[in-house]
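Each remark here refers to the structure printed beneath this line.
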């Protein structure tokens, strides 16, 4: 099992959360909420209003999200879903645990006593230069006050 931190449309209540609970794609177990230890820019970009965490450590905000443990099948699905490695790159980041619900008591799943753990995160180094000038967010919500509703893949032209 691998740990994955999601901050965008895959979170509970967001447009693509359905994929996280679709066992045909693999197993993803919700463990808790967290936020990035380092600051990153989280922007909503492109004509489909996609959230992107730009790989610019030290700039932006501590990004809020959810921590999951996933099996190899779900990790392969997420790689494909996220367009890895072209659109997003799967990197390891330090995530501070804000709230832990994980039922597993195994050491590799449980957070360290410091409350910080390493998780895979889909962020991007392959972004348009002008995206750096977009507003930075700390917690993505497709229905947020930003007014930039995410466009599902099946509704894109």
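The backbone N, Cα and C atoms fix where each Cβ goes, glycine too.
All TrEMBL annotations are machine predictions without curation.
Database features, via TrEMBL:
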- 4-124: domain 'Gamma-glutamylcyclotransferase AIG2-like' (DOMAIN)
- 82: active site, proton acceptor (ACT_SITE)
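For the domain 'Gamma-glutamylcyclotransferase AIG2-like' (4-124), the DSSP-based tally of helix, strand and coil residues reads 17 helix, 51 strand, 53 coil.
The predicted model assigns the domain 'Gamma-glutamylcyclotransferase AIG2-like' (4-124) a mean pLDDT of 93.
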